[in-house]
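Just passing along the structure, written as structure tokens.
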There are 2 protein chains.
Amino acid sequence: MAVKVYGSAYASPKRVIVCLIEKGIEFETVPIDLVKGEHRHPDFLKLQPFGSVPVIQDGDYTLYESRAIIRYYSEKYKSQGTDLLGKTIEERGLVEQWLEVESQNFHPPIYNLTLHVMFASVLGFPADEQLIRESEEKLGKVLDVYEERLSKSKYLAGDFFSLADLSHLPFTQYLVGPIGKEYMIRSRKHVSAWWDDISSRPSWKTVLQL
Amino acid sequence: MAVKVYGSAYASPKRVIVCLIEKGIEFETVPIDLVKGEHRHPDFLKLQPFGSVPVIQDGDYTLYESRAIIRYYSEKYKSQGTDLLGKTIEERGLVEQWLEVESQNFHPPIYNLTLHVMFASVLGFPADEQLIRESEEKLGKVLDVYEERLSKSKYLAGDFFSLADLSHLPFTQYLVGPIGKEYMIRSRKHVSAWWDDISSRPSWKTVLQL
């Protein structure tokens, strides 16, 4: 039975879909229109009480939070498709560390940029220009640390592609595209090479074509 | 060899310490004074390039980000001390889901309350009263979802204490103590019983006495 992924048009659900493709897991998508407020519908809130996407349904198992879902499938199908967790417990520790860096350091400023540059007008609120400037500055400092790290290691957690890299794909795609700040990637040599590498994976190209 | 934990006076490192106690792992603490700016010292930035606590050193293995560290030790010593990850991959998935809810939904507003109610004056910036009000309101909505969840399940991920519960201890302790908003816990019957349960664990009492 295919895994149902709710909200596939948005960035966080794409984190799940690219993982399912890397693992060779069959899925189907269920659209949820956030602009129309479908995430506030009582039926959806029964699946995800905070009203966020994604949610997956896999038989009678329901799970939400994109980074929890990608850990679940990477562990459940450890030996199927791409191994995304590292070979040892110590490698997995570093995958978790950089996945947390993505969540705690990288995500908040890039989320603010996404919301205020891409979605303010469609959602009907004024873009906060000061927040945009501050977020760009914060994100730049995070990417400076990435540049140093990626000068010593091909991927974030080591010399292997992992969930830590994969988790950056959807919002970085916004950054270099509709947010219009590709310079933040291109002005950093190692970050730029890393982005070219991870964004040219067949799994991500498939997601972009969905 | 004992695990070295840097920054033990602060909330996020306490997340690591309570986990190490639950797992029966020997540790020693290394103080880092954030008010004096010791987290910006070049030697510390070599360990943690973002200038945050905690960091652990375990022999020649260094790891940062509290939620990555607690996952690492819970998995490495799965059968030692309290099992904090659940018995099956599906239970682990739910532990990960609620650990992500803590990180993405619960943490941002309670961190803002901590910063602006407890630390604004000592760090020398004016408390943002509007942010305090908004954070309290956001946190209340998150706790409403917890109340519903905990009316059906003793702990967040199921009928077993896990990393998902443990991860809430340090900042909730601030909330009911120095932040002065214990009513947010006590006005919700099931959240209140859950807090009494998890905060009375011997591991947490030990952390409070350190």
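Residue 1 is the first one shown; counting continues down the chain.
Quick reminder: no glycine exception, Cβ is built from N, Cα and C everywhere.
Because TrEMBL annotations are produced automatically, they should be read as predictions rather than curated entries.
From TrEMBL, for reference:
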type	residues	note
DOMAIN	A:1-81	domain 'GST N-terminal'
DOMAIN	A:88-210	domain 'GST C-terminal'
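A description of the local structural setting of each listed feature is requested, covering burial, neighbours and distances.
For the domain 'GST N-terminal' (A:1-81), the number of residues in each DSSP class (helix H, G, I; strand E, B; coil) is 33 helix, 16 strand, 32 coil.
For the domain 'GST C-terminal' (A:88-210), the number of residues in each DSSP class (helix H, G, I; strand E, B; coil) is 92 helix, 0 strand, 31 coil.
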Across the whole of the domain 'GST N-terminal' (A:1-81), what does the mean pLDDT come to? Round it, please.
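Its mean pLDDT is 97.
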